[in-house]
Amino acid sequence: MQGAARRRPFPAAAPGSPHPGRHGAVKNEDTFKTSPFHFDLWFYFTLQNWVLDFGRPIAMIILPLEWFPLNKPSAGDYFHMAYNVITPFLLLKLIERSPKTLPRSMVYVSIIMFVMGASIHLVGDSVNHRLIFSGYQHHLSVRENPIIKNLKPETLIDSFELLYYYDEYLGHSMWYIPFFLILFIYFTGCFTPVEEESRMPVAALLLVGPSSLYYWYLVTEGQIFILYIFTFFAMMALVMHQKRKGLVLDSNGLFLFYSFIITLVLIALWVVWLWNDKILRKKYPGVIYIPEPWAFYTLHMNNLHAAKENF
């Protein structure tokens with residue numbers, strides 16, 4: 001009894017707060033907190049997405065080959081390496097700013113998978129984009145490419161198909177599934193009972209366009225429309241569910257939600273524009289016809305084949 005009396009109790013917790021001994025417990029008042037618009041994080045996201053992801057292949061093409069020989073990493077590869085470090089850090093910072101306590105284990109596992117997938121994609125994408133300088137055409141399948149189908153022995157073609165699988169399927173899946181999962185986890189905490197807080201500031205309006213355009217590129221080039229549309233439907237379902245509870249999206253939630261809506265419009269316009277393209281139709285024969293921007297580039301705008309003659 002004396003030992004028990006000397007035992008120091010936990011300090012009294014504030015009403016509605018979790019017990020201090022329970023690590024990661026969800027706070028009762030989490031739903032009723034509101035975060036200001038994270039202009040700095042969303043700006044950094046948009047900037048690094050455009051420069052380090054969309055800008056990767058562009059930097060590889062426009063910079064002289066003498067600086068980055070074909071048997072060495074290109075400028076785009078270094079962009080990709082920076083992306084693989086900066087993006088997980090920004091995602092973690094975004095989760096930290098959520099007004100709601102989110103499942104940490106799921107977030108950490110998702111970040112680990114994201115880094116693994118993006119790293120796998122780095123290798124496959126590096127080789128595939130360097131092949132453009134040798135005449136590789138992204139609008140054709142691996143076996144239909146002139147520079148591939150004449151390889152001897154033919155088992156080398158299987159190796160290139162394996163490389164394509166790691167780049168376009170395994171790498172993309174391990175990269176994008178955790179990415180969209182983290183965005184959705186964060187989205188679940190973007191609700192407030194105050195109607196006046198459910199509006200987008202001017203800063204958000206300025207960023208929503210570039211952000212949506214990048215997501216368009218991400219979905220079309222990554223061929224992840226199914227993942228994107230399921231994430232969007234989950235967001236819509238959550239918004240309707242929370243509305244019945246008297247909760248509305250805050251400025252950060254509105255920014256993310258409207259970005260996904262505009263992305264869907266851009267994807268629809270892209271598909272309508274290329275609807276009658278017979279060559280791209282052949283490469284994307286499925287029910288969901290969404291051509292990749294780089295396949296469109298190598299088919300209609302690519303003048304790099306002449307570079308082969310300069311080597």
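Every residue number used here counts from 1 along the chain in the order it is shown.
Glycine too: its Cβ is placed from the backbone N, Cα and C atoms.
Annotated region 'Disordered' per TrEMBL: 1-27, in sequence order.
The transmembrane segment annotation in TrEMBL covers 41-63 (among others).
TrEMBL lists 78-95 (among others) with the feature transmembrane segment. Within its own chain, the transmembrane segment (78-95) is flanked in space by residues 38, 41, 44-45, 48, 51-53, 55-56, 59, 102, 107, 111, 114-115, 118-119, 121-122, 125-126, 179, 182, 185-186, which lie at least six positions past its ends and keep a Cβ under 8 Å from the stretch.
Annotated transmembrane segment per TrEMBL: 107-124 (among others), in sequence order.
Using a Cβ-Cβ cut-off under 8 Å and counting only residues 6 or more beyond its ends in the same chain, the transmembrane segment (175-194) has close neighbours at 30-32, 34-35, 87, 91, 94-95, 98-100, 102-103, 106-107, 109-111, 113-114, 117-118, 120-121, 218, 222, 224, 227-228, 231, 234-235, 238, 242, 246-250, 252-254, 256-257. The transmembrane segment annotation in TrEMBL covers 175-194 (among others).
Summarising the annotation, TrEMBL assigns transmembrane segment to 224-241 (among others).
For 253-275 (among others), the entry in TrEMBL reads transmembrane segment. Counting same-chain residues at least six beyond the ends of the transmembrane segment (253-275), those with a Cβ under 8 angstroms from any Cβ of the stretch are 37, 42, 183, 186-187, 190-191, 198-200, 204, 207-209, 211-213, 215-216, 219-220, 225, 228-229, 231-232, 235, 239, 289-291, 296.
Sequence-distant contacts of the transmembrane segment (41-63), counting only residues of its own chain at least 6 positions beyond either end whose CB sits under 8 Å from a CB of the stretch, comprise 74-77, 79-80, 82-83, 86-87, 90, 93-94, 97, 125, 129-130, 132, 204, 207, 210-211, 214, 217-218, 252, 255, 294, 304.
Long-range contacts of the transmembrane segment (224-241) within its own chain (CB-CB distance under 8 A, at least 6 residues past either end) are made by residues 172, 176-177, 180, 183-184, 187-188, 215, 218, 249, 256-257, 260-261, 263-264, 267, 288, 290.
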